[in-house]
Amino acid sequence: MSDPFDALREPVVPVDPDPRFAARLRARIERALLDTRGTTMTTPTLPRQGDAGYVSLRVPDIERAAAFYGSAFGWRYAEPAAPRGRQVQGLGMPHGMWEDQETRSLFVCYHVDDVRAAVERVRAAGGRAEEPSREAYGLISGCTDDQGIPFAVYEDSGEDRPAATSRQGEVVYLTVEVPDASAARAFYGSVLGWEFTPGGVQDGWRVRVADSEARPMAAIWGGRERAAVVAMYAVDDIGAAVARVRAAGGTSTDPERMPYGVTAECRDDQGIPFQMGQLF
Amino acid sequence: MNLPAGVEPDPGAALLALYDAALPEVYGYLLSRCGQRALAEDLTAETFLAAVEATGKRPPPEVSTAWLVGVARHKLADHWRRTEREQRGLRVVHSRPEEHDDPWDERLDVMTAREVLTGLGPHHRGALILRYLDGLPVPEVAKLLGRTVHATEALLVRARKAFKDAYESKEGRDV
């Protein structure tokens, strides 16, 4: 049966706009092309597809976590917009906290060029992805990988982004800990375009984005009991930081010297693992 | 295009080279869908500036007239969404029972139909234009409007109903 609405079909008929408008727009395009080229060269910190652009710590008790990380790193928080959430102030990469009884992991939002296409890739790779929603900063979709780690893909406008730093409390390294590293490599490889080089530990893989280190640096670590993302936070003085973590009710190994800095393995007072690093 | 190994075509230059040929297509598309010259000019400018931004991304898009019309369609859908949001505050929202799409046997008079379309709310107008004027399948309409396929199907049912009511009352008034 034919649909009367089919009569509305209308192919595109070219129409010449006002020539003055056409000339003005051409000039704007030429200027914009110059600006874009200039920007790409002078601000290399814009996130690329596969870089983390926002992280949020999922914790069972938000008040406790705010107090703990406040004493460990000196974090201050913006006036909370929601009782279950906090935003850390003054970091290069935005860092939030969210109260959630189950996750106990760092929730990472990865920048992608096209959220809708990324959602398709997540689903094709065996993960789950919500329909993208439009937020003030752009399109975002909440996802879960095929080993149960929640994350998000979003389109980062790159606006008003402060330069990356390694000052105290800044995330300098992300470790995606999973039972099955080859499954994780396949998943994140196809979803985010990550590539890998063998890392320093058994079944550890350094993440490469666009032929260079991921920003912040990242790795996949296989053979772990539980799937979760663990952050390494920069600290100014590792000895003092370890003492602060212990005093605040957390646990920490003694500092250990690595090729890139002195680090410690910690847990906060709710049992969530993290690392600290005084980088060289 | 044959280029020596290691040399990538500059999509920005390709965009400028295409500008004169693509402009009437993009502008013609937008003008016929929104019906207002000033708005069509604004959206045309938005389209090309978004295209400039896209050419700076990696991997760069393949610049073509069809791609630019696709970008224009996104800008148009964004425009409807903005308008819809602004107007939503003014309307009294009351829930209606689920409406069913009843088959409608009518040969549409295209001129009247275009007039009716202009008079509909932006969300109804947008859904019908993308679905019927552009002839896009429902899932693509859903993507452009940022809705689920299910919600878009429901929206199309309501939009067709609104269109039909407006069309019939116009016909009735004209006779």
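The backbone N, Cα and C atoms fix where each Cβ goes, glycine too.
Applying DSSP to the domain 'VOC' (A:51-156) sorts its residues as follows: 22 helix, 41 strand, 43 coil. The annotation domain 'VOC' is assigned in TrEMBL to A:51-156 (among others).
The average per-residue pLDDT of the prediction over the domain 'VOC' (A:170-279) is 92, rounded to a whole number. Annotated domain 'VOC' per TrEMBL: A:170-279 (among others), in sequence order.
Assigned with DSSP, the residues of the domain 'VOC' (A:170-279) fall into helix, strand and coil as follows: 22 helix, 50 strand, 38 coil.
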